[in-house]
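Undergrad: Sharing a structure below in structure tokens format, with a few things to ask.
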């Protein structure tokens, strides 16, 4: 190890801790001011146009209802068109002036291009792109008999949002709009039996962190970290996993989560953790990852 690295190894931790001790009070005060300002100057989405992927159930469905209550025009995207029609009907009753339903798979490039184009053709603009579509599977990595079986998870959770974002950016720049990425605390720290899901969400988080810098100030980026949410998933392995976690934390309804998320988006937050205690997992994984390590049980 050369002398420069030795010096950095000694000095940087000391300087960093000292800086944080001085900076943190100012940071907390600044965030408090931002919160107060956000409450007073919350974005009004009445008359704005919003695309929501994965909106046939779970958080995506209730995000659609929340935007509808606030008077937004909606494009709902998912693979189950029959369910989308049901959600769309309720959105109209809740106050959305018009709702477009587009059957599509976000892991398919041409589908992403199509639902963005159809939105512009119908509404003439785009203000919010909500990348919510995602899939999960509770499985030990070594239990995959075919490694290609992991591709649907990665393609939907990471590449899907990337594709949709690529086609949406030119339109979002015109309206100074926002990109919303529904990620997961699993992207911060490892979750046993969900290695591929966690990796796809970690990639998603880092992509949008970088994109926020590249697009600032023309387009805003909000990354969402939902906790344990009741989303109607019927996968038995995922239900068992959720049941294990529910012994430790409370499962929040998708409706409550969606309301908090849209509030955060409209206040211009860069991150929305719901419930808010979820952000503690980030600090634990960064400062003391040993606390999050436990031997997973095999069924």
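Cβ atoms are placed via backbone N, Cα and C, with glycine included.
From a predicted model like this one, the values you see are computed outputs, not experimental measurements.
The transmembrane segment annotation in Swiss-Prot covers 10-30 and rests on sequence analysis. According to Swiss-Prot, the NADP(+) binding site annotation covers 54-80, 105, 197-201, on the basis of similarity to another entry. As annotated by Swiss-Prot, substrate binding site applies to 184. What Swiss-Prot lists as active site, proton acceptor is 197.
Show me how these features fit into the structure around them.
TA: Residue 74 (NADP(+) binding site) counts 30 other C-beta atoms within 10 Å of its own C-beta, drawing on all protein chains shown.
Every protein chain shown contributes to the tally, and the Cβ of residue 184 (substrate binding site) ends up with 23 other Cβ atoms within 10 Å.
Counting Cβ atoms from all protein chains shown, residue 197 (active site, proton acceptor) has 24 others lying within 10 Å of its own Cβ.
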Undergrad: Would you mind pulling the DSSP three-state label for residue 197 (active site, proton acceptor)?
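TA: Where residue 197 (active site, proton acceptor) sits, the three-state DSSP reduction gives helix.
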Undergrad: I need the least crowded one of these binding-site residues (59, 64, 199), counting other C-beta atoms within 10 angstroms of each C-beta.
TA: 199
Undergrad: Measure from the CA atom of residue 184 (substrate binding site) to the CA atom of residue 69 (NADP(+) binding site) and give the result in Å, rounded to a whole number.
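TA: So the Cα of residue 184 (substrate binding site) lies 25 Å away from that of residue 69 (NADP(+) binding site).
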Undergrad: Would you say which of the binding-site residues 54, 69, 79 has the most Cβ atoms within 10 Å of its own Cβ?
TA: 54
Undergrad: Of all the binding-site residues given, namely 54, 59, 74, which is spatially nearest to residue 184 (substrate binding site) at the Cα level?
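TA: Closest recorded candidate to residue 184 (substrate binding site) by Cα: 59.
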